[in-house]
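Colleague: Before I ask anything, let me first share the structure, which is written out below as structure tokens.
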């Protein structure tokens, strides 16, 4: 712990020797002379003409104007922030608060930590103003004799210092060193992934296939050489996006007699079911081979939906299955860019495409998500695909060989990450994967913090569930030992367990603790230098996001609370780890989609479409269309929420920032201050979509 300095010493540690003296003359013909102490004699003599008093005055006025402008801007931002906080706190809607449920244990622990911190801070403030500054310094010591004790409060404070140094500091030091080691290991892993990505770019390594793998000699568009492809669109209450995904899939460029589209609707809202039925009927009348499926018994969430669809008898005639979530819009050439990779490659089980986001610039939250997902696809998926032929299936925008699914056990309902589950089991059975970074499928990222938080909870609790369930299968499988080590040590432990553990423990628990236990101080390079460098690496795949490097770093630390809580829930089988909540979508469209929407179908086209349709079918279609228009007009109520854990951590970090201010720790103070403000903004749901 650095010795205590006065506030004037803190902000002006590097003052030069000597006092500068400025002599101003009333006569403008004289120059201004500056005497700056003994070191000025060793400076080179400037031969340029000196500035007169009027020029100096104008320079000072300009600097003062800039300073006032900066202060005005800061005051405006601060006032706007206070106004937003006041407005959010005055919100009294019953749905405007987060439901903690079974995850209350973490919130209780944070509240207890905050209460203890406030008590200790009160002791420290009183001791500071009484002049008791017993930090680690050769010139200062903790009084031990009764003659040095001034009062009962002084005795209690000295007892706290002794307890802190002898019993509290050692375990905190050990835990901090352990977390720092994990932090360094994860940083090395991230650096190796980036180097692998650079090597792929330098060598221009990417999967390739023959230019014309399938020939189509039939003039009417049916090709016997094209394999049979099943396309599945699982959805559940996807009112905003169902039309876009069905439309995009129905326009895939593939022989009509070699493709079947399954719309797997798990919606429990009958009005949404009618909307989807109408959309399917519309495309069926256009000649698309498409069917609508709705389960009466909705078990197993998405995995149960896919498992039920694969049990149909007609699936046996198909060789490959492409899966798209309800908000995904593949390009017409998607199948022609992915399916040919399976030809002459019998060991290939999966071809995964990249995601791109139509709403990545919608707000700050979507921009920060885009940074993470760009790194995931550009670096993690691509490197693992090239060097290991294995990565986690992303659940959508991929094509599976149906034989690989069947040999691996098919879709299982045991976890909420059925995509990762089937990928691990297929890898254990020897199937290889290919990732195509150049094939991109348009989709959405969550625009509200509520939707994003629920998505991240599922993405981080599910892998821990899966790790417990498949650890035995990994150890007893027949794959190579290095593949087993990669699965256990890197895929699960390092990237799914250690990452959320150390990020939350180190920056949200240990760092505030070290402010109250200065004997266990964290070095500056752990707090500042390495995190900034790692954030820089994360931003490399999305260079346009470099202005957001500081918000990205602070927001990732904030999200560590959700990820840590989810990881613990999945590892210890808590109730929240089994919850599946469909991520809310906004129904954003690309520019091409918006242009196509404006081009309405003419009456001539409609008459051509309905030619040959019976009167009963025509009546049914018209009724479905009327229901579609009526249901689509229903308003959907949305509200922002208040998140208790984030707010409690905000006050904890701000309390620790005040303690670091007393100890004159500049870097620690600024980090805790900005991180605390970030937690405050997130806790009040002031990031992402703002709803009335």
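Going from the start of the chain as shown, residues are counted 1 onward.
Just so it is clear, glycine is given a Cβ too, placed from its N, Cα and C backbone atoms.
Take a look at what Swiss-Prot says about it:
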- 29: N-linked glycosylation site (CARBOHYD)
- 106-126: transmembrane segment (TRANSMEM)
- 180-200: transmembrane segment (TRANSMEM)
- 266: active site (ACT_SITE)
- 325, 327: substrate binding site (BINDING)
- 394: N-linked glycosylation site (CARBOHYD)
- 419: active site (ACT_SITE)
- 497-517: transmembrane segment (TRANSMEM)
- 522-542: transmembrane segment (TRANSMEM)
- 614: phosphoserine (MOD_RES)
- 646-666: transmembrane segment (TRANSMEM)
- 667-687: transmembrane segment (TRANSMEM)
Colleague: Same chain, outside the transmembrane segment (106-126) by at least 6, Cβ under 8 Å from its Cβ: which residues?
Modeller: 100, 153, 156-157, 160, 509, 512, 516, 561, 564-565, 568, 644-645, 648-649, 651-652, 655-656, 658-659, 662
Colleague: So, does the transmembrane segment (180-200) come close enough to the transmembrane segment (646-666) to give 3+ Cβ pairs below 8 Å, pairs being at least 6 apart in sequence?
Modeller: no
Colleague: Relative to the Cβ of residue 266 (active site), which residues of the same chain, six or more apart in sequence, are found under 8 Å away?
Modeller: 234, 235, 236, 294, 295, 298, 301, 302, 305
Colleague: Three-state secondary structure of residue 419 (active site) from DSSP?
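Modeller: It is helical.
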Colleague: Let me know the most crowded of the recorded positions, choosing from 325, 419 and counting other Cβ atoms within 10 Å.
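Modeller: Most Cβ neighbours within 10 Å: 325.
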Colleague: Apart from its near flanks, which chain residues at least 6 from the ends of the transmembrane segment (180-200) lie with a Cβ under 8 angstroms of it?
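Modeller: Cβ under 8 Å, 6 or more out: 206, 378-380, 382-383, 386-387, 490, 494-495, 498-499, 501-502, 506, 522, 526, 530, 534, 537-538, 540-541.
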Colleague: If I take the alpha carbons of residue 327 (substrate binding site) and residue 394 (N-linked glycosylation site), what is the distance between them in whole Å?
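Modeller: Approximately 14 Å lies between the Cα of residue 327 (substrate binding site) and that of residue 394 (N-linked glycosylation site).
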Colleague: About how far apart, in whole Å, are the alpha carbons (Cα) of residue 325 (substrate binding site) and residue 419 (active site)?
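Modeller: One finds 12 Å between the Cα atoms of these residues.
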Colleague: Please report how many Å separate the Cα atom of residue 394 (N-linked glycosylation site) from that of residue 419 (active site), as a whole number.
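Modeller: Residue 419 (active site) has its Cα 6 Å from the Cα of residue 394 (N-linked glycosylation site).
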